[in-house]
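Under the heading substrate binding site, Swiss-Prot lists 37, 104, 105, 106. Residues or ranges marked as active site, proton acceptor in Swiss-Prot: 63.
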């Protein structure tokens, strides 16, 4: 094999690994209950593939804290991350209820309808409401 063939083979292997890493990223990771900030993150592999995921944690004061924490996780997997927006989530597991609302001052408002669709993949038996009201 010449150098070009070896390089091409190596790049295909890296691309396959990043595709597998992307496939392994959970769509939803949020706090088990309470009211907390969330961000939508577009996770991108080494090629053109990407997926939107939802992250929200009660222990994070700012939307940027959530993004920074998760971006480090994605970097270790060889993935890139972009944040198109955020908001807040009210999570009441006893009532099987989620409410998505508000916006991020730093990132802007996430697409709450898309957030609802993504949350429904993990919480199919929940009532999920969205609102453009509130901060």
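Here the Cβ of each residue, glycine as well, is placed from N, Cα and C on the backbone.
Worth saying up front: this structure is predicted, and the values here are computed from it rather than measured.
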Check: same-chain CB within 8 A of substrate site center, minus 37, 104, 105, 106: 39, 62, 63, 64, 86, 103, 107
Nearest-integer angstrom distance between the alpha carbons (Cα) of residue 37 (substrate binding site) and residue 63 (active site, proton acceptor): 6
Conformational class of residue 63 (active site, proton acceptor) under the three-state DSSP mapping: helix
Where residue 106 (substrate binding site) sits in the secondary structure, as DSSP reduces it to three classes: coil
Intrachain C-beta neighbours of residue 105 (substrate binding site), sequence separation six or more, cut-off 8 angstroms: 63
Pairwise C-alpha maximum, in angstrom, for the residues (37, 104, 105, 106) that bind substrate according to the record: 12
The residue listed as 'active site, proton acceptor': tally of other CB atoms within 10 A of its CB: 25
